[in-house]
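Q: Residues or ranges marked as domain 'ABC transmembrane type-1' by TrEMBL: 20-219. Summarising the annotation, TrEMBL assigns transmembrane segment to 12-37, 57-78, 99-121, 133-150, 162-181, 201-226.
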Amino acid sequence: MNFSGAFFMTQVMPQLIAAIPITLELTAIAAIGSAVFGVPLALALGARAWLRWPAQAYSLVIRGTPMLVQIYFIYYGLGSLIPGRWMRHSWASPYLRDAFWYGVAALIINETAYVAVILRGGLDGVPKGEREAAAALGLSPVTTFFRIVLPRALMITLPTFGSELILLLKSTVLVSTITIFDVLGEADVIRYQTLRVLEPLLGAAVVYVVLVGAISLVVMAIEAWLARMR
């Protein structure tokens with residue numbers, strides 16, 4: 001089957017572009033959620049044994065299993081344990097019946113483990129002298145953490161977080177396996193409806209290259225701005 005430029009431009013690309021908001025929404029919610037949960041997990045990784053060991057176990061299990069397995073476990077496994085009356089009549093039923101939120105949950109659970117490990121490395125990389133200087137100025141441990149240590153750790157880890165955000169964006173393709181119609185999900189729909197393979201997959205690749213390029217430019221701009229602020 002030959003490549004059809006007209007089919008690619010008039011049917012494939014408009015449909016894939018229309019799905020970009022779903023992909024970006026998945027990425028944004030997962031990034032924010034993993035940041036919220038990643039900070040306390042990073043602190044737990046450097047805390048006393050009774051906190052550190054569970055945090056290490058979580059990190060080991062999540063980073064040691066494929067994300068697709070985690071998505072299936074949450075969607076098919078945990079989803080099957082939810083009582084039917086909750087699915088139909090509870091306030092959460094719109095969310096419990098929507099594959100989108102299972103995909104979001106899986107992405108957050110997975111990404112939190114990586115964010116925590118990256119941030120833990122950044123926290124350990126903050127010079128001890130900065131903490132001592134803050135203590136000498138009379139700053140409380142909480143104030144020192146949020147005003148000195150955490151911002152410094154984020155500056156140290158920004159390039160790594162930028163790469164991780166790109167990996168998260170590309171990982172969202174896996175949720176198309178649970179009927180979420182992101183960019184790849186729409187490409188699959190086109191394939192099944194038209195029996196054409198090359199155009200939708202090439203279109204999806206083009207979209208992801210553009211999105212990754214845009215994220216890379218934003219991260220580079222932030223890095224340059226922070227460098228000027230130092």
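Any Cβ shown, glycine's included, is placed from N, Cα and C.
Keep in mind that TrEMBL annotations are predicted by a computer and have not been checked by a curator.
Quantities reported herein were computed from a predicted structural model and do not represent experimental measurements.
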Q: Please indicate, using numbers and ranges, the residues of the same chain that are 6 or more beyond the transmembrane segment (12-37) and have a C-beta under 8 Å from a C-beta there.
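A: Contacts with the transmembrane segment (12-37): 100, 103-104, 107-108, 111-112, 114-116, 165, 168-169, 172, 175, 180-183, 185-187, 189-190, 199-200, 203-204, 206-207, 211.
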Q: Count, for each of 57-78, 99-121, 201-226, the Cβ pairs lying under 8 Å from the transmembrane segment (162-181), and report the range with the highest count.
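A: Per the Cβ under 8 Å count, 99-121.
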Q: Go through the chain and flag residues at least 6 beyond the ends of the transmembrane segment (57-78) whose CB is under 8 A from any CB in it; none is fine as an answer.
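A: Long-range Cβ neighbours of the transmembrane segment (57-78): 41, 45, 99, 102-103, 105-107, 109-110, 112-114, 116-117, 171, 174-175, 177-178.
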Q: Which sequence-distant residues neighbour the transmembrane segment (99-121)? Criterion: at least 6 residues beyond either end, Cβ under 8 Å.
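A: Beyond its ends, the transmembrane segment (99-121) has Cβ neighbours at 22, 26, 29-31, 33-35, 37-39, 41-42, 44-46, 55, 58-59, 62-63, 67, 70-71, 74-75, 79, 153-154, 157, 160-161, 164, 168, 171-172, 175, 178-180.
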